[in-house]
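> Please find one structure pasted underneath; my questions will follow.
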Amino acid sequence: MSTRISRSVYADMFGPTTGDRVRLADTDLIIEVEKDLTTYGEEVKFGGGKVIRDGMGQSQVTNKDGAADTVITNALIVDHWGIVKADVAITAGVITAIGKAGNPDVQPNVDIIIGPGTDVIAGEGKILTAGGFDSHIHFICPQQIEHALMSGVTTMLGGGTGPSHGTFATTCTPGPWHIGRMIQSFDAFPVNLGISGKGNAALPGPLKEMIEGGACALKLHEDWGTTPAAIDNCLSVADDYDIQVMIHTDTLNESGFVEDTVKAFKGRTIHAFHTEGAGGGHAPDIIKVASLENVLPSSTNPTRPFTKNTIDEHLDMLMVCHHLDPSIAEDLAFAESRIRKETIAAEDILHDLGALSMMSSDSQAMGRLGEVIIRTWQTADKMKKQRGALPQDSARNDNFRVKRYIAKYTINPAIAHGVSKLIGSVETGKMADLVLWSPAFFGVKPDCIIKGGSIVAAPMGDPNASIPTPQPVHYQPMFGAYGKALTVSSVVFTSQAAAAGNLARDLGIAKTLVPVSNVRGGISKKSMIHNDATPKLEVDPETYEVRADGELLTCAPAEVLPLAQRYFMF
């Protein structure tokens, strides 16, 4: 017997379905469900008197014979490829199916088998995304990792050795000994991690030993001397080993101007950090590299989005991070040359146009690693308010804009760093690195963080309480973040040369080393999903005004932001 119910009642019971719309937290961003892969009248739901019971929604199939380890029911997936309602199956730590879960003995159209060995995570009324990827980490302190994880970031790539002055300023781990010690420490953390070695050298030898010692990327940083010779050498070695190069260019233009740096690229693929320039780079026009096919441009989050406070906070932040002395006029001039309201305003618009492809933090070194996701959506909201709907969107929803912005911290950094076959999206065959959100808290405070199929973090009430929800509620590590469960549910990204050797045995680590691949000639700006625009960019050397294809890019600073104080009262 079938029964008709209203959309609102259905959404309350099973979550939104095709054509329903959802507001993302307190932003002006509205998403609309494009497709529902579940079957009306055959939805599965866990609980007393609900569907997932023996002989009903739960079959007799063993895990060995195909039942999933975990099913996330009725979740609204938000990813670069779509905004879709579905059940999601996880088996052996991998996403194995996206579709309709249930018992094939009594239900039609079942793609995902629920058996006695299947656990359930209720996704009704929740949004499911891929875990975030922050590709600009200064490994200054290990406590960063927990803060990033609790914000929804499950992969971190960067450099450093702890609170050394080299690490305060640069995302580089110098030399194979330091790289080895850092990789050994990674067994303690329930996230995917990768090390960038120091790329500043004019001869190949030092770079080769870092790559073979475990680095999955090389970083060129101006504080170590990003000269044309160092750039050319670093890219040449990276081509030989198929690893990515990230660059922080020469703010002072001592060894050349932006044109000289571009010439040293020789058309080779490179990931340009904080492409706007406040985080560092040729002043005032490093932003022009975002127009190049071979440059994969990213932002760091202190300039995201442009607000009335952005300029004021940057000067002191820069002086500390780059070991500068405010009593020295030249140091002060160096700092002031990097902070330009005109290029920061243009950065907002270039993100909205899809010309800036990725978002990252620059953790504790002019960046807040717990705010990569928040600031991405604050930027999207600011642009919706100031620029209106994108041409690809309708008056009903902002689906394309949401896909563009979520790609900036999920699939695009995964592509840029050669790991998109394993992570970066909610797709079958990929590691189950997933984040579940209540729509009212989307982008700010996750409901549940899943890493390699195990719940590793969640908000949790008083452990002595009779139920799990009484206050005080804090984000806490869960069982997946402890013991051997941690090391089998996360990996260390490294070079193919290191993974093929005896590095894991020599270092005595428990985590699996996973090689990066296809990050040189196989990718370009065109590979950046929804973020591959290459407008011709010009910067006025006197006024710092930025033009894209002749059009002035400017916008007012935000006075108020969503996803801000109302979410952090307690």
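The backbone N, Cα and C atoms fix where each Cβ goes, glycine too.
Keep in mind that what you see is a predicted model, and the values were worked out from it rather than measured.
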> For the Ni(2+) 2 site, Swiss-Prot lists His248, His274; sort out which one of Lys219, Lys288, Lys308 goes with them.
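So the Ni(2+) 2 site in Swiss-Prot includes His248, His274 plus, from the candidates Lys219, Lys288, Lys308, Lys219.
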> In Swiss-Prot, the Ni(2+) 1 site includes His136, His138, Lys219. Which of Asp352, Asp362, Asp381 does it also list there?
Asp362
> Where's the emptiest Cβ shell within 10 Å among the binding-site residues His136, Lys219, His248?
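Counting other Cβ atoms within 10 Å of each of the binding-site residues His136, Lys219, His248 gives the minimum at His248.
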> Just to be sure I understand: of His138, Lys219, His221, His322, Asp362, which recorded positions have a C-alpha no more than 10 angstroms from the C-alpha of His274 (Ni(2+) 2 binding site)?
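Of His138, Lys219, His221, His322, Asp362, within range: Asp362.
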> Applying the rule Cβ within 8 Å of the centroid of the Cβ atoms of Lys219, His248, His274, what extra residues of the same chain belong around the Ni(2+) 2 site?
His136, Thr170, Thr171, Leu220, His221, Glu222, Met246, Ile247, Thr249, Ala272, Phe273, Gly279, Gly280, Gly281
> What is the separation, in Å, between the Cα atoms of His136 (Ni(2+) 1 binding site) and His322 (active site, proton donor)?
16
> Out of His138, His248, His322, Asp362, give those recorded positions positioned within 10 angstroms of His221 (substrate binding site), comparing C-alpha atoms, in sequence order.
His248
> Can you give me the residues near the recorded Ni(2+) 1 site, meaning same chain, not His136, His138, Lys219, Asp362 themselves, Cβ no more than 8 Å from the center of the site's Cβ atoms?
Ile137, Gly158, Gly159, Thr170, Thr171, Met246, His248, Phe273, Thr300, Ser360, Ser361, Ser363, Ala365, Gly367
> According to DSSP, does His221 (substrate binding site) fall in a helix, a strand, or coil?
strand
> At the level of the C-alpha atoms, what whole-angstrom distance separates His138 (Ni(2+) 1 binding site) and His322 (active site, proton donor)?
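Pair distance, Cα basis, whole Å: 13 Å.
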